[in-house]
Each structure stands twice: as C-alpha cells, then as structure tokens.
Amino acid sequence: MIETPTNQTPSATTTTPRESGGGGGAMAEPGQQLLRSFVEVAAGSHFPIQNLPFGVFRRRGSPPQAPLPPVAIGDFALDLATVADAGLFDGPALSGSPCFHQGGNRRFRFYLPIGYNGRASSIVVSGTDVIRPRGQGHPTGNSAPYFGPSQKLDFELEMAAIVGPGNELGKPIDINDAEEHIFGLTLMNDWSARDIQAWETIPLGPFLGKSFSTTISPWIVTLDALKPFMCEAPKQEPEPLPYLAEKNHINYDIPLEVLIKPKDQNVALIVTKTNFKHLYWTVTQQLTHHTINGCNMRPGDIFATGTLSGPEPDSLGCLLELTWNGQKEIPVGNLTRKFLEDGDEVILTGCCKGEGYNIGFGTCTGKVLPALP
C-alpha cells in the first residue's frame, strides 16, 4: 500500500456536496453501507471501500519508474500489478469475474448528439497549470481579425467516459450493449477560449479555441460504483431514432460544483452547482452514435459529455452561459468575473451521497497562467 496524494479536496473552504435530489432519486443497493475495509478511511472521503477508482501513477525517484495501475482507497493507492503478482486475484470470488477476461464477449441536437473529434496530446491531469492561449479573434463589425491572448477564457464543467472493450472498425456498438463498453467516468474541464472559438467555428467547428488544454481528474470511477445512484434520464422529445432508443434510459445522480479561487485569495468560492442527471443524451447514446458509422473505439479512448448545465440560472456549466457571453458579471466573493483572469484557479468536484458513505470523484483543478509574450 502506497500513500499518495489523491487530489481529493481542493481546500478546507470547499463546501460539502449537496444531497442529491430531483426526479428519479437514487437508492443504495443492499449491503453498500455494510462494506468495511481494514484501511482507515476518513469520514466523508470520496474514496471509501464502496468506490475504488482506477488511475495511473509513478513512484518518485531516479531513474524514472514505470507507471503502475492502482486503485484509490482513502488517502492510499493500491498497486494492482503487485496484487495480481501475489495471486490475490486467483481466488474463486474473483477468478470468474468477466472483468478479468480478455475481450471476445463483448430537427438539431434533439435528433442526435452533436460532437466533434478532439486530440489526446493536450489532455492533462488535475493540478496542471493552463497557459492562457493566443490566437485570432474578431471583435465586432467588419474590422480585421486580431492576434493576441484570449480575452474570454472559460471553463466547461463536463464529465469524461473512458472506453472499455471498444469495437472493431466497421462494427457499431448496439445501444443496449453500450454500457458494457464504458469502463468509468472522470471529471473534466474542457477549457475554452470563447473569442478564438467564435471566430473559427464557422464553417468547420472548434479548433484552436479548444485544443490548448483539457484537464481530467486522476481517478476513474467505475459504473459499478455508481449503480446505487442510477436515475431516470430526461424525457427525450422527439423520440430518438431506433438506433438511439435504449431499453434502460438512465443517468446518474451526481451533484457537481465549480469553484474559483482568485489570485492572492485564500478561499475557493462556488460559482455554479448542477447535476449529471440533467444530461440530455446519455453516455451510452453518445457512444453508440459515435460508432454508428463504423468508427472504432479502443480501450482507454476518452469521450466527453459536453457542458453539464441544469435548468436553473445558477446551474449553468460555464461562464459563457452564466454571464451571457460577458454581458453580465457573476460574484466571486467580493470580486466579480465575466471570464477567467490570470491567477484564477478553477476547481471541479463531484460526489454522490449514499447512506453512510460517499462515492466521489475527487477534484479536477487548474490555474490560469499569463499568456506567453
């Protein structure tokens, strides 16, 4: 057992995630609250025995060590490779589990989930600083485009799904099998430069306004751990086409928050609260749609939900929506913001509240640094 930072809480000032609510309330599965571990886990931890999220880490030292696959429990990381080498997965309770088998068993946005292909090169782990991007923008009217640092740097509260088995090229994933192809979820901040994005989006879509950085939280929470928090997904009107019509149309009741800690401030303050349950197109529908043309998905591929906004004005998932594209300011303590300023630290967090335990995602953080000269 290796003690390692789990990136669990942003600061002592972070508020406890609110109790889940709304339609399709989640209920704990029998026995969830009875599970116990010999590893001491603090009350309120995002990573109790009911939630063993997966990640990758390296031991400190020189020369650099090979990456290892652990699960988190409390403030510790358990190296699964060492456990497997010791034969602890060979007992009858685990040896028959399908998770240890190799593959082989395996009018507008209301009509289809709109998306675009991204890149893996600038996906960074929580805690990585983000340099303010530079690019072209078009201020107003017929004036010429300008080049310079983005003046409308934004966060986007999203979650990312990590693909499990995946599919062969040319063979789409059936909507009712899609859940078996999703390993788990993480928090994700899809940083966006709105002024750059607005200038380049027409006619071909996002490019430099999105590609400079995307932050994900370090631990992947499995769908099994989230089962007690399943709830009905929003009713879809019009009804989706048959290839997107799933027998079990479900989301997960995951309260989410975004906090901003301004430069030289000691306190991180909540700027929005929302919930994963408001996601219109479920992650299973998104995965099926991505593959319906025959596109293959491979183990470890990442796809994002899009901005997670709720129905209320204070439940919107980005500053573009919260400030009406900079037309109004939002309070951040005794300060205000239209878009992010240099030195701002953005903190995403999410946590489900069970009966006597939490299923949490830790935090997804990044600090804005000034643009390069």
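Cβ from N, Cα, C; glycine included.
Automated prediction, rather than curation, is the source of TrEMBL annotations.
Quick look at what TrEMBL lists:
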- Glu156, Glu158, Asp190: Ca(2+) binding site (BINDING)
- Asp190, Lys210, Thr214: Mg(2+) binding site (BINDING)
- Gln197, Thr307: substrate binding site (BINDING)
- 1-17: compositional bias 'Low complexity' (COMPBIAS)
- 50-91: domain 'Fumarylacetoacetase N-terminal' (DOMAIN)
- 113-368: domain 'Fumarylacetoacetase-like C-terminal' (DOMAIN)
- 1-29: region 'Disordered' (REGION)
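Structure coloured by features recorded in TrEMBL.
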| residue | record | DSSP class |
| --- | --- | --- |
| Glu156 | Ca(2+) binding site | strand |
| Asp190 | Ca(2+) binding site | coil |
| Gln197 | substrate binding site | helix |
| Lys210 | Mg(2+) binding site | coil |
| Thr307 | substrate binding site | coil |
Far apart in sequence but close in space: which same-chain residues, 6 or more away, have a Cβ under 8 Å from Glu156 (Ca(2+) binding site)? Asn189, Asp190, Trp191, Ser192, Thr307, Gly317, Cys318
When pLDDT is averaged across the domain 'Fumarylacetoacetase-like C-terminal' (113-368), the result is 96
Beyond the listed site residues Glu156, Glu158, Asp190, identify every same-chain residue whose Cβ lies within 8 Å of the center of their Cβ atoms for the Ca(2+) site. Phe155, Leu157, Met188, Asn189, Trp191, Ser192, Thr214, Ala304, Thr305, Gly306, Thr307, Gly317, Cys318
The domain 'Fumarylacetoacetase N-terminal' (50-91) - residue tally per DSSP class, helix then strand then coil: 6 helix, 11 strand, 25 coil
Count, for each of the binding-site residues Gln197, Thr214, the other C-beta atoms lying within 10 angstroms of its own C-beta, and report the residue with the smallest count. Gln197
Give the number of CB atoms, excluding that of Lys210 (Mg(2+) binding site) itself, located within 10 Å of its CB. 23
So what sits near Glu158 (Ca(2+) binding site) in its own chain, CB-to-CB under 8 Å and at least six residues off in sequence? Leu187, Met188, Asn189, Asp190, Ala304, Thr305, Gly306, Thr307, Leu308, Gly317
